[in-house]
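Inspection log for the structure reproduced underneath, given as structure tokens.
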Amino acid sequence: MNELINLVWVGICTALVFFMQAGFALVEGGLSRAKNSINVIMKIYLGTCFIGVSFWAVGYGLAFGPSVEGLIGGGSFAPQKLGATDAVGLLYQMMFATTAVTIVSGAVAERMRYSAYLAFAALMALVIYPVYAHWAWNPGGWLKQMGFIDLAGDGAVHSVGAWCALAGLLALGPRLGRFGKNGEVRDIPGHNLPMVALGGFILWLGWFGFNGGSISGIESGQLGTVLLNTYLGGCAGGIGALAFMRLTGRPVLMSASVNGSLAGLVSLTAGAATLNPVTAIVTGLIAGALTTWGAEALRQRRIDDTVDAIAVHGLGGTWGLLAAGLFFEGDLFSGSRVMVQVLGAVAAFAWAFPMAYVCFKLVDKLIGLRAPTLNEQRGLDYTEHHEIGYPEFQNSPGQMHKEA
């Protein structure tokens, strides 16, 4: 009976994590300009398709196949005859791979060709994500063997996704007009902030499946703690972002508040099962403030992250890994445990960033990474997809030419 209950629960959690793609689409689409809204959502939608097939064929085997020296999986490629538990487990892990890659899509929005993104998404799901997932989650992985704590992927999902996004931004460069000649930051506001808030709520809902499905089983007694800490982390992240904006005299932005909550959720993704409610709140508060500061710091360095994905997932994920070691319930501030967490955080960057940069350069050489300047000016919806998101309020370039 317990096995059946666990199977149903993981199935429900799989659906919740899949639904997070809708949340990402709303957040990323809302923070982009109207002329690119279709392109942003198209990347997420078709990316989900490419990632699923790639991870099933190769990625799952590299991540969860029999370990080869703790570095990589060596079996279970393109699995076909699976029992119910293994099939649902594969599907659940597929959602994690999809989430990691989708982090990249928002950061590079409004300038990357969608075909280039799909090529990179397949490569990331084939190799980059699975290798680190093997280190962190496979029982034979070298980080797992050291006692690395990463319940649902502060390292494997959020950090890897963020450092891949950073590589993409450095390969692409900023959007046209984002920075002045002297490096001053120019605002490019998103077209639909209510959509961003709705997407934030959907992501928050999905996080209950993200963290809740990663426990060893409902009978372990961890579920209530994980769900409570997850929720408190999201709450504290929003409060931390608000406090930072008020204390530094900045306007209280809704987009930053949503990202603060998301950072709080990210920061509890590693340690939701091993923290108590007080330390979960502290972790979320710091994550919200850190992300709000980090987003501004990246802009000052001329790194144009459309949705602040690196601040949310990279800084939030790295802090979450450290917090899981610092605030481990019953053994606070253990130096040896914290050092393992630091090693895991460093390994995420050392693996994901250079690999992603090489992949982006390869894609650029083969099919071209960045959209042509004229297409970027007109908007990628019409120039890449021949559709526009709001036909009642927008004219396509072709219509404008006829009217002129």
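Backbone N, Cα and C atoms are what each Cβ position is placed from, and that goes for glycine too.
TrEMBL lists 8-390 with the feature domain 'Ammonium transporter AmtB-like'.
The transmembrane segment feature in TrEMBL is assigned to 6-28 (among others). For the transmembrane segment (6-28), the list of distant contacts is 40-41, 44-45, 48, 84-85, 88-89, 91-92, 95-96, 98-99, 102, 105-106, 109, 195-196, 198-210, 212-213, 217-219, 258, 306-307: same-chain residues at least six beyond its ends, Cβ to Cβ under 8 Å.
For 40-63 (among others), the entry in TrEMBL reads transmembrane segment. Distant neighbours of the transmembrane segment (40-63): 21, 24-25, 28-29, 32, 72-79, 90, 93-94, 97-98, 101-102, 105-106, 109-110, 112, 114, 117-118, 121-122, 124-127, 129-131, 133-134, 137-138, 384-385; these residues of the same chain sit at least 6 beyond its ends, with a Cβ under 8 Å from one of its Cβ atoms.
When Cβ-Cβ distances below 8 Å are used as the criterion, the transmembrane segment (90-109) is approached by residues 10, 13-14, 17-18, 20-21, 24, 27-28, 31-32, 36, 39-40, 43-44, 47-48, 51-52, 55-56, 59-60, 63-64, 79, 82, 117, 120-121, 124-125, 129-130, 133, 152-153, 156-158, 160-162, 164-166, 168-169, 172, 210, 213, 305-307, 309-310, 313, 356 of the same chain, each at least six residues removed from its ends. According to TrEMBL, the transmembrane segment annotation covers 90-109 (among others).
If you look up TrEMBL, you'll see 116-135 (among others) marked as transmembrane segment.
Annotated transmembrane segment per TrEMBL: 155-172 (among others), in sequence order.
Residues or ranges marked as transmembrane segment by TrEMBL: 193-210 (among others). Within the chain carrying the transmembrane segment (193-210), a Cβ under 8 angstroms from the stretch's Cβ atoms is held by residues 12-17, 19-20, 22-31, 96, 99, 152-153, 227, 230-231, 234, 254-255, 258, 261-262, 265, 269, all 6 or more beyond its ends.
Taken from TrEMBL, the feature transmembrane segment covers 222-245 (among others).
Listed as Cβ neighbours of the transmembrane segment (252-272) (distance under 8 Å, sequence separation of 6 or more from its ends, same chain) are residues 27, 31, 149-155, 157-158, 190, 193, 196-197, 199-200, 203-204, 207, 210-211, 225-226, 229-230, 232-242, 244-246, 280, 283-292, 295, 307-308, 311-313, 315-317, 319-321, 323-324, 327-328, 341. The feature transmembrane segment is assigned by TrEMBL to 252-272 (among others).
According to TrEMBL, the feature transmembrane segment maps to 278-298 (among others). Among residues of the same chain six or more beyond the transmembrane segment (278-298), those with a C-beta under 8 A of the stretch's C-beta atoms are 228-229, 232-245, 256, 259-261, 263-268, 271-272, 305, 308, 310-312, 314-316, 319-320, 323, 327, 329.
According to TrEMBL, the transmembrane segment annotation covers 310-328 (among others).
Counting residues 6+ beyond its ends, the transmembrane segment (340-360) has Cβ neighbours under 8 Å at 104, 120, 123-124, 127-128, 131-132, 135-136, 143, 146-150, 155-156, 159-160, 163-164, 166-168, 170-172, 270, 317-318, 321-322, 324-325, 369 in the same chain. The feature transmembrane segment is assigned by TrEMBL to 340-360 (among others).
Residues 96, 99-104, 106-108, 111-112, 120, 124, 128-129, 132-133, 136-137, 143, 148, 266, 269-270, 303-305, 309-310, 312-318, 320-321, 344-345, 347-349, 351-357, 360-361, 364, 369-370 of the same chain, all 6+ positions outside the transmembrane segment (155-172), place their C-beta atoms under 8 angstroms from a C-beta of that stretch.
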